[in-house]
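Written below as C-alpha cells is the structure these notes are about.
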Amino acid sequence: MLSRKGNIIGKAKKWIILISFFILFSFTWYLSKEGKCKLFTAYSSWTCCSHKIYNDVSSYRIVYDQPNPFRPPKTSFMVLTPWLAPIIFDGIYDLKILNAQFHQRDVRIGLTVFAVRKYNIFVKSLIETAEKFFMAGHKVNYYVFTDDVSAIPKITVKEGRSLVILKISGYERWQDITMRHMQLIRDYIDKKLITEVDYLACLDADMKFTDDVEVEILGDLFGVIHHGYIGKLREQFTNERRNDSEAYIPVDEGDFYYTGCFFGGSVTEVYKLTNFCHNAMMADKAKNIEAIWHDESYLNKYFLYHKPTKLLSPEYAWNYYGSSDVVKRKKIIHVHKDYKVIRD
C-alpha cells in the first residue's frame, strides 16, 4: 500500500516538473518573441526615421565654392565685432547656403510697419517693393499698424504671404507716435505674433526696398549701423547724455550708433527689446523726460548692454547723407519727403 502510494507521489512530482518546465519554456518563448517584435518595431522605426533624415539632407544638397580661410571676403570693412557678431555687408555671405538652412527649418518671417496719419501714403510702395525684394521664397506676414484703415490701399501679396491691417489710435505729436511703436510691437507679440512667426523685422513706413534683403539679416537680435555715424568716434554719437534719463549713455561708452528705423530678430528677443524700451520710456515720462532721439535713444541703450548677435551695414537703411563709399548696394532706402509737411 505504501509502495503504491509512493509511486503515485513520484508520478505527480514528475508531472509537476514537466508542467513547470512547459510553463517556464512558454513564458521564455513569449518574452523572446515580444522582445524580437519590439526590437523589430524599434529597428523599423529607426530605419524609417533614418531614411527621412537622409531624404531631407539629400533634398537640400547645394553646390557652392569651398570656404578658404586664406581668402577672406573682399571687403575693406570690419566684418566681425569684438563680441563675435557678424557685420553684414554685401559679398561676405553665400545666400544659397543660408537659404538652404532656413528652408529646412520652414521659418516664417514677420514685418511690422507703422502707418499713422500722413505716413500711410508710404505703405503701398513699401509692401510692393518688399514683395519684390524681401525674403524671396520664404513665408512672410506683413503687419501694418494704422489709425486709418480706409487709407491703406488693397495690395495683393504672393502665395504663402499675408497682409494684416491693424487699427490703432493716433496721436497729435509725431514723437508720441514713434515712441508708441515699442509698446504696440511688444503687446502684439504677446497677443498674436509669438505663435505666428519665428522672426520679426520692424521697419519704418517711409522706407522702400531697392535690392534683395534675404535671410542673411536673420538672427537672435539684429540692428542696423546708422549711415551717418559709421566709423565715427563714440563721443560723436547722438546718444542721450542726461544722466537722469533711462536712455543715458556715458560719453566714454558705445560700440556703434544704431538707427531706430530698422531692427529685429527672433520673436522672443524682439519682445525683450521692445519691453525694455517701453518701460524705460514710461519711467522717463514719469520724470518729465523725453530722450533726445525718442525710441532710437532707448534702442541704442538696449543694444549697448544687450549686444546684437548680428549687425547690418548701412546698406540696409540708406539715406542721402553720409559716406556713399560705405555701401556697395543700397538695399533699403529712406523715401524722399518733406518732414515738415509729413509730420504736420
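Glycine is no exception: its Cβ is also placed from the backbone N, Cα and C atoms.
Annotated features, as they stand in TrEMBL:
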ACT_SITE  Glu296  active site, nucleophile
BINDING   Phe114, Ala115, Val116, Tyr119, Asp204, Ala205, Asp206  UDP-N-acetyl-alpha-D-galactosamine binding site
BINDING   Asp204, Asp206  Mn(2+) binding site
TRANSMEM  12-31  transmembrane segment
Cα-to-Cα gap, Ala205 (UDP-N-acetyl-alpha-D-galactosamine binding site) vs Glu296 (active site, nucleophile), nearest whole Å: 15
Chain-internal residues, separated by at least six, CB under 8 A from Phe114 (UDP-N-acetyl-alpha-D-galactosamine binding site): Val144, Phe145, Thr146, Ile177, His181, Leu184, Asp204, Ala205
Distance, Glu296 (active site, nucleophile) to Asp206 (UDP-N-acetyl-alpha-D-galactosamine binding site) (CA atoms, angstrom): 16
Length of the line joining the Cα atoms of Ala115 (UDP-N-acetyl-alpha-D-galactosamine binding site) and Glu296 (active site, nucleophile), in Å: 18
Local Cβ density at Ala115 (UDP-N-acetyl-alpha-D-galactosamine binding site) - other Cβ atoms counted within 10 Å: 25
Between Glu296 (active site, nucleophile) and Tyr119 (UDP-N-acetyl-alpha-D-galactosamine binding site): CA-CA distance (Å): 18
Protein Cβ atoms within 10 Å of Asp204 (UDP-N-acetyl-alpha-D-galactosamine binding site), excluding its own: 22
For Ala115 (UDP-N-acetyl-alpha-D-galactosamine binding site): DSSP state (helix, strand, coil): strand
Distance in Å spanning the most remote Cα pair of Phe114, Ala115, Val116, Tyr119, Asp204, Ala205, Asp206, given for UDP-N-acetyl-alpha-D-galactosamine: 11
Integer Cα-Cα distance in angstrom, Glu296 (active site, nucleophile) to Val116 (UDP-N-acetyl-alpha-D-galactosamine binding site): 18
Count of other CB atoms lying within 10 Å of the CB belonging to the residue listed as 'active site, nucleophile': 24
Residues close to UDP-N-acetyl-alpha-D-galactosamine site centre defined by Phe114, Ala115, Val116, Tyr119, Asp204, Ala205, Asp206, Cβ within 8 Å: Val113, Asn120, Phe122, Val123
